[in-house]
Structure formats: C-alpha cells, structure tokens
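**Student:** Provided herewith is a single structure, encoded as structure tokens, for subsequent inquiry.
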Amino acid sequence: MVRFQRRKLLASCLCVTATVFLMVTLQVVVELGKFERKKLKDSNVQDGHRDVEGEPKHLEPFPEKEALALAGRTKVDAGSYPIVLWWSPLTGETGRLGQCGADACFFTINRTFQHHPMTRAFLFYGTDFNIDSLPLPREAHHDWALFHEESPKNNYKLFHKPVITLFNHTATFSRHSHLPLTTQYLEGVDVLKSLRYLVPLQAKNNLRQKLAPLVYVQSDCDPPSDRDSYVRELMAYIEVDSYGECLQNRDLPQQLKNPASMDADAFYRVIAQYKFILAFENAVCDDYITEKFWRPLKLGVVPVYYGSPTIADWLPSNRSAILVSEFSHPRELASFIRRLDYDDGLYETYVEWKLKGKISNQRLLTALNEREWGVQDINQDNYIDSFECMVCRRVWANSRLQEQGLPPKQWKADVSHLHCPEPALFTFSSPASPALRGRSLRELWLPSFQQSKKEAQALRWLVDRNQNFSSEEFWALVFKD
C-alpha cells in the first residue's frame, strides 16, 4: 500500500513538473508571437523589405541561479532570451526554450522572427543552404552558423572561401571547425575494442574457399572520389565480392538488400567474414571520415581505405588499416593484399590492436573524450543540440562583454573549416572498361566543382551588398563573362 502511494505521489509530481514546463514554453511562444504581430502591424515596408531601424535590444544579464530555476517559473519574459532561428527547417521545432548550462535561448524555425530585436543568430544546414532565400539584410548583430556533416557533393559552393567565411560559427567534419564532427560515425572507444563480431582468422581462412579476400558494398555509384574506377581496375588483379549496386557481382540475402539494413546485425555478420573491406569515401576531403572506415574496424576486418588525406591522424593504431594512397597502382595494392592473405602472421599485425584492445592514437582518444556530444547515447546531447548550445552560449558571452563595456568577440570561419580539393580522376593504362571509367566524373563532378567557384563569388558579392536578390540576378552574375 505504501509503495502504491509513493508511486501515485511520484506520478503526480511528474505531471505537475511537465505542466509547468509546457506553460513556460507556451508563454514564451505567445509573448514572442504577440510582439511579432505588433511589429508587422507597425513597421514600414519599403521596396518589399522591412525597414528595421535602431539599435538591437540588449540582453539582460542572465545569472546562473535564474537559469537553473527556469523550469520552475510560471511566466517568462520573452525579452530576456535571445532568439536563435534555424533558417533551414532541420529540427522542425516551431518554438522551444532551450537550456544550455547557465544560459537559455529560444530556438525556432519560424521565419517571422527574422526581424525580431532579440534575434541573434541564424542557423543553416549545409545541404539545404541555397540562394533562393537568405535572411537579408543582415544586421550587425546577426550571426550566421553552419552545420554541415554530409558529403561535399551535396553543396560544393560551401567549400570555397567567399562562402565559408560568411559564417561566424561552424559544426563540420573538419577538426578545425568550431564544433568538430570528425568522429560523428563512431560511438566510442568500446565499439572499437569490442570482439562481438570478430571472426577468428582460422575461420576466415576456411571461408576463403567460397569468399574473396576483399568485399565492396556501395550503391552510390560514380561519386566525386571516382572510387568505382579504382575498384574496377583493382578487380583485374584480385578477387573482390561486390554486393552493392556498384560493380555488383554477388547478391546479399533478400532481407539485407534494403539500404536501411546496412546497420543490421545480420549484415554485420556477413561482412565480418571477410579479411578486408574496401572502405572508399564518396569524396576526398580532409577529415571527411564516414562509417565506411569505422565499420570494418568495429567488425574486426582490415579496412583498405581511400578518402580523407588526413586519415592517418585518426587510425586506432599505426597498423590498423591499409591506405590506398601509399600504392602507386591497384596492381601493387592487390599484390600486397595477397601477401597478407597468405601470411597469417603478417595479417595479424593489422588486427593485433583489436585483439589486445589497445588504441595507441592519443589524438583519437582525446577527440572522443573531449567531444561535447554523443552518438546514440541517451546520456549525452546529440551533435545538433550541442551546435545550438554552442551558438547560444556565444551569444550570451558577447552580451556579457557588452554589459561590461567591452567589444563583443568576433567569430569567423575560414577555409580550413571545410576543405576539399578539386575532384581528381583515376587514370590507368590497362583497359578495364575504358568506356565507363570516370564518365560521370568527367561529365558532372569536375564541371560542377568549377562552376561552384563562380557561384561562391556571385553569392558573396550579393550578400555583401546586403539586399535581397532574385535567382535570376544570381545566375546572371554566375554566367557573366
């Protein structure tokens, strides 16, 4: 009976807490909405754009005690919180008062808050960043922040100096970003050390009677890295089992053909049987490292890696992967892999770190230990929450500097925050499907990258002009002689 009463009391407390929190958030939304409607009614419109005059409203000091007691307040003064507006509707949140340590900000995708005097930052998702609609004119107190963890092929113009330097804050795959996402596909040290999927070497040797030494699983064919051209050439010198749509010569079980199954336990079991995995990225960029690299390491398979030129900085140990860049031709790579395939002692030097659970790379350990977000970890913020809070805390930090009569700190991205060279084409003397090799790269990726330079310059000029512009105006600049 006592236990039941305790549960009933606990449930009541939880309900009260939830109700109070909803009232707090609702009040913020209502207050902001009232202000915005009044602003729309009273403002003057000139040339189709709002005429915003006067100094932005200063943020009132937000002491830690008040921040920590936020959830217990029944009414929130909307004027006390900076607004952080997602210009890309990534989160889908129409309004949320988010707590970031001792600070709090109002996060929203509602573009009607663009000209609110408490709006301090605009957040952009790289893949969705386009010229069709930008928050212009840009006020002096408006920071721009970029979140881009995906492939550069999704939006090449971001990788050029005129565009990347438009942003004050960044969260990208580069270690030089303000919030590095380099290890975004790695849950932690434990999964690297885990032997859950490891197939003993003797069993792998027995499986070699029906399996190739190498496995390749890709369904995004002919990307900017031109990986399929390399693998096609490699196949002329060594057996490769290819399960994906690209260069396919072997079928996965029917239940594993859906791309969603790539993280399924059954798929891991199939791939873990191989000695080597061709881990080729779709683009060659510093620190752009995806699950293609981390997956074989988790499974106890040796990755044969092509992608980030800086990959050596992220290896668990010096001998944990075979780097394609160290071989002048696929023929040499094939010869080396065959040598490891026949020599158990030499092969085991590449999995020794896994068997002993010893990661010697301090850079990797430090990055995992110090990152402010987690991967599939309910006890940590995800990287989007961390990105939002980084911007929120910086907004408040500058507010406190201004309260002290000091100039605000100026943050600015540079080219190291997103660095990708021009796509390069593999050229081989042997005629391995010459009609197909590099076709899409020649016809699409190189011209796309080259045009993106012109797009970046045109966009920068228009943004610096600080007026809204049409797509016709933008493209006229891009193709101007």
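The backbone N, Cα and C atoms fix where each Cβ goes, and this holds for glycine too.
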**Student:** If you have Swiss-Prot open, could you say which of CYS392, CYS420 makes the disulfide with CYS389?
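**Tutor:** Answer per the record: CYS392.
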**Student:** Rank aside, I only need the closest one: which of the recorded positions ASN168, CYS392, ASN468 has its C-alpha nearest to that of ASN318 (N-linked glycosylation site)?
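**Tutor:** Closest recorded candidate to ASN318 (N-linked glycosylation site) by Cα: ASN168.
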**Student:** So if I measure Cβ to Cβ from ASN110 (N-linked glycosylation site) and keep only same-chain residues at least 6 apart in sequence, which ones fall under 8 Å?
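**Tutor:** Sequence-distant Cβ neighbours: LEU85, THR94, GLY95.
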**Student:** Suppose you look only at the topological domain 'Cytoplasmic' (1-8); what would the mean pLDDT be?
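**Tutor:** 40, rounded to a whole number.
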**Student:** Using a 10 Å cut-off on Cβ-Cβ distances across all protein chains shown, tell me which of the glycosylation sites (ASN168, ASN318, ASN468) has the largest neighbour count.
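**Tutor:** Buried the deepest by this measure is ASN168.
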**Student:** Please work out the number of neighbouring Cβ atoms within 10 Å of the Cβ of CYS392 (disulfide bond), leaving out its own Cβ.
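**Tutor:** Other Cβ atoms within 10 Å of CYS392 (disulfide bond): 24.
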